[in-house]
């Protein structure tokens, strides 16, 4: 009996979060269907979970950004500059595709906005003005109010200043970031319980139409990711290697993407990508740097998730968005996506930063994060699959282009 109890506790603490979230999702749907009155009473679980996310997210962004900048070391000289350019291009194009998809298929979300205060900007000038005001905000107020633009500004400034600090100071900051990340991991472990409360209460109050909205949102997200994987990325690779990119694209999706889909971790998929690069006889000095770098900053999937969910919230609140503001959202989403690997909740906990552009309160933004967690069983897997397969795809494209250039130069010299 004691052994079974220990096994159950181990499963709760160390078991697959995807499976646990799926169980919470199904349990919430069943409770709302069988006992709607009871389902409404468990809404406290969802409220507590969203509150915990709202409390930890500002501190997480601040300490992680500051730590990563303070502990940055100058990289060794390799051929990663063209790969880095492809990473940046791919991430930006992913944000553009997501924004375009959200405009073509605008989707509302079921959010509790009755008591929330909103101050939507009127145009791009107001957005930029608001961003500049938030940049120079008091850092304590920025943390208290969830002003992510101000948090980023202070974290970057302090990180740059601390690059000249003693190694012991940098080590302390790194340890602090690890500690905060551990706290976030604990909060995320409660996601199944929180989602159980959120789903059951939402369906009990709004009916099963709320689930249909989640399915539609998931379809838009996955469609944008498929467009990136099968259309935009091949075009980028073709621009680099000047020949049919699809054999390479499908090889990367098959060998790297499928594994990443189930591991749901770009970092965990690094050995898979390294082994694939080795089998393709790519330059070891290049892929040994570009693959870990890609796991950190190449976040096409995150660049899709952030604007799709942000614009879904914007549509729900009836905030008008013009083309310049949409382009600015693409840039902000691409920048946010590059930092998604350092966040335990992935891209979802960076959604409030994008939402702040439109005057959406932190309270509503965290409800959007909760919606993201509900669909996260598939969304996070697809996002990681796109992220990780693109790492090896762009690395292979640059290495092959470099080999072609060297071969061409040798032929020219012989002639």
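Heads up, the Cβ atoms here are built off N, Cα and C, so glycines get one too.
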Per Swiss-Prot record, range annotated transmembrane segment [choices 217-237, 238-258]: 217-237
301-321, 364-384, 385-405 - the one Swiss-Prot records as transmembrane segment: 301-321
Annotated stretch (transmembrane segment, per Swiss-Prot) among the listed ranges 193-213, 277-297: 193-213
Selection from 85-105, 142-162, 217-237, the stretch that has most Cβ pairs under 8 A to the transmembrane segment (301-321): 85-105
For the transmembrane segment (217-237): best-contacting stretch of 45-65, 85-105, 142-162, by Cβ pairs under 8 Å: 85-105
Intrachain neighbours beyond the transmembrane segment (85-105), with Cβ under 8 angstroms and 6 or more residues off its ends: 216, 220, 223-224, 227-228, 232-233, 236, 240, 293-294, 297-301, 303-308, 311-312, 315, 326-327, 329-331, 333-334, 337-338, 390, 394, 397-398
